[in-house]
Amino acid sequence: MKIMVIQGPNINMLGLRETAIYGPMKMEEIHEQMKLAASQNNVEIEFFQSNYEGEIVDKIQECLGVFDGIIINAAAYTHTSVAIRDAIASVNLPAIEVHISNVYRREEFRQKSLIAPVCAGTVTGFGAFSYHLALMGIIQICDHIKKIQSKA
Ligand code: DQA
């Protein structure tokens with residue numbers, strides 16, 4: 001099983017950025033923890049971060065035929081990007097939307113996700129642990145899909 005983790009704009013600033021909201025962990029530290037959890041579950045995992053919408057669209061498209069599932073924190077693009085939403089819908093791979101903060105208790109503009117309707121699920125508000133929960137969730141979903149495909 002191969003999982004792609006896509007990090008959107010300013011996620012590379014974790015650890016420095018608004019730590020009262022996003023906590024002290026750096027993105028690289030989150031990735032190290034995810035790598036460990038992935039290897040314990042026999043899962044291959046790769047990471048990609050970009051501050052550019054088009055690069056995120058390209059990366060989602062590249063996942064087709066290579067990865068079984070996507071974990072994505074589209075960050076601010078969550079609330080604005082029809083292009084990222086369409087890319088997720090196009091590849092038709094299971095995706096989990098992740099947020100460190102609980103976007104539903106923040107500003108009104110963060111309470112709308114354009115990508116939620118094309119994702120299998122959303123994890124929001126658990127701090128850096130949101131990524132771990134998303135990883136466990138996508139493994140479950142991909143396992144389920146593989147079982148169904150092997151019976152067909
Ligand atoms: C975020 C929430 C977004 O509203 C914000 O723009 C981010 C981070 C989160 O992980 O809590 O950059 O996606």
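Positions of Cβ are set from backbone N, Cα and C atoms, glycine also.
Whatever TrEMBL says is automated annotation, not expert-curated.
Annotated features in TrEMBL:
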SITE      Arg17  site 'Transition state stabilizer'
ACT_SITE  Tyr22  active site, proton acceptor
ACT_SITE  His99  active site, proton donor
TRANSMEM  114-139  transmembrane segment
Three-state secondary structure, which DSSP defines for Tyr22 (active site, proton acceptor): helix
His99 (active site, proton donor): tally of other CB atoms within 10 A of its CB: 23
Chain-internal residues, separated by at least six, CB under 8 A from Arg17 (site 'Transition state stabilizer'): Asn10
Tyr22 (active site, proton acceptor) CB neighbourhood, other CB atoms within 10 A: 19
DSSP three-state assignment (helix, strand or coil) for the residue listed as 'active site, proton donor': strand
